[in-house]
Amino acid sequence: MRTTRNSSTNQPASCSPAGLSRFWICGRVCLVAGQHGAGAASEGASREYAGEASRPEAAAPLRRLPAARRRRARRPHRRLRPLYQDRLGRLHVSGRCFSGGGEGLHQDRGRHRAARLPGRLPLRVYSAIKFLTAGQVFPAQILFGVLYLVNLSLVLLLYIKTEVLPWWALGLLCLSRRVHSIFVLRLFNDCVAMTLLHAAMVLIVYHKWYLGLIIFSGAVSVKMNVLLFAPSLFLLMLKAMSIRGVFLALLGAAGVQVLLGIPFLLSHLVEYISRAFNLGRVFIHFWSVNFKFIPEKYFVSKELAIGLLIFHLTTLMVFAHFKWFKHEGGLFHFVHSRFRDAKSIQQLISCKPRQSILSKEHIVTVMFVGNFIGIVCARSLHYQFYSWYFYSLPFLLWRTQFPTVVRIILFVIVELCWNVYPSTSYSSLLLLFAHLFILFGLWSSPAEYPYADKKEKADRDSKESGKAM
């Protein structure tokens, strides 16, 4: 990446307020391009934001080399593309937004963006990364590479337990150039959030609901997008737990939020709640990947936001009633049966439904589909948001009844749209059509049996009949 300079201050352009905002990773991590030999002003800015330079470059010998060799020498990451080495420069973990008695809660600038997210977990995560890596990018990229492998292992475990995909299709989970960049090059906190989310899903698949809800709440503290899974998770809890169990699980999740937000709740209660849980934030039109074809004046309008919210809630309700609760007679019939079967208030609160052990396939399907509905209805998807649903994409495609060739084509189309930079009207429109086509395939596919007892019995009978033959 070539560093440009401000002619008046001799500073790298990325050290300006406009340049810094492009490299902030949700207010925690700032990647500032810099190099040796930049002059006194540049060295001061580099020390302030990034510490000492970690990649010395000899400027004089480069001038005597041919132009092609100079370009290769300035960009060693081209020769080490799989490793994504130190492409952007320095790593800086900033705690200023949390210093000065909650100063960041009153300022709505890019440098204080961290205070607009719930909890302090992201700050602690990136502070630990800074401590372990001494503020250097390449060791941090190695740590995120390990995080990538951990996340991939959790996702593979979910896929193997559900047995939805053929073995060869699992390789699709490793083929996204954009996701590799998000994890190993850009170091976004989306990676930490989704890893925690997948860990929570693994616990829930094994029916560890209380511990899974605690991990889920921790993921929400890192990134608010995890709330897209919340409606599906709540419906699953109603099917698998008693009302008392649901209340205790939600109380534990809320306790995590209170525990992580105590420093803010004690000093700036109103500012913390209004900023950290602000669901009406308007994103920048330039970075939108899914609705770039909409003019900016309509993109930022409240009418679009309200329309998408209505479509989101309606689609969730339709899927819940006709798909996820189909075998219970629908969502409303299920709720009515819980009250009808209870002979007392105590029984209503403490008794589980008659069938409460959910199958692994049903749990993963409901959570992935619910999140995907939120993705389709999102007003703006930035490039790092691809990690929110990429790992569910093969599962969703194989839950449809499309031919395998169509599934592969849809996967490739989505990946290509996310790799168009900057996004165009055509790429965003194509991505929206692909999302809607996948959503239609999920709607038209038969609903899976939700409970484990009958499904496991059918699997045992099929295995025994196979052995007898």
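Cβ coordinates come from backbone N, Cα and C, glycine included.
Since we're looking at a predicted model, the values are computed, not measured.
TrEMBL annotations:
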type	residues	note
REGION	49-76	region 'Disordered'
COMPBIAS	51-65	compositional bias 'Low complexity'
COMPBIAS	66-76	compositional bias 'Basic residues'
TRANSMEM	128-150	transmembrane segment
TRANSMEM	156-175	transmembrane segment
TRANSMEM	187-207	transmembrane segment
TRANSMEM	213-238	transmembrane segment
TRANSMEM	245-266	transmembrane segment
TRANSMEM	303-322	transmembrane segment
TRANSMEM	362-381	transmembrane segment
TRANSMEM	402-421	transmembrane segment
TRANSMEM	427-445	transmembrane segment
Is the number of Cβ-Cβ pairs under 8 Å between the transmembrane segment (128-150) and the transmembrane segment (245-266) three or more, considering only pairs separated by 6 or more positions? no
Which stretch, 156-175, 187-207, 245-266, 362-381, tops the Cβ pairs under 8 Å count with the transmembrane segment (303-322)? 362-381
Distant-in-sequence neighbours of the transmembrane segment (402-421), which means Cβ under 8 A and at least six residues beyond its ends: 172, 175-178, 289, 383, 386, 393-394, 427-428, 430-431, 434-435, 437-438, 441
Under an 8 Å Cβ to Cβ limit, what residues of the same chain, 6 or more beyond the ends of the transmembrane segment (156-175), are close to it? 198, 201-202, 205, 360-361, 364-365, 391, 393-395, 398-399, 411, 415
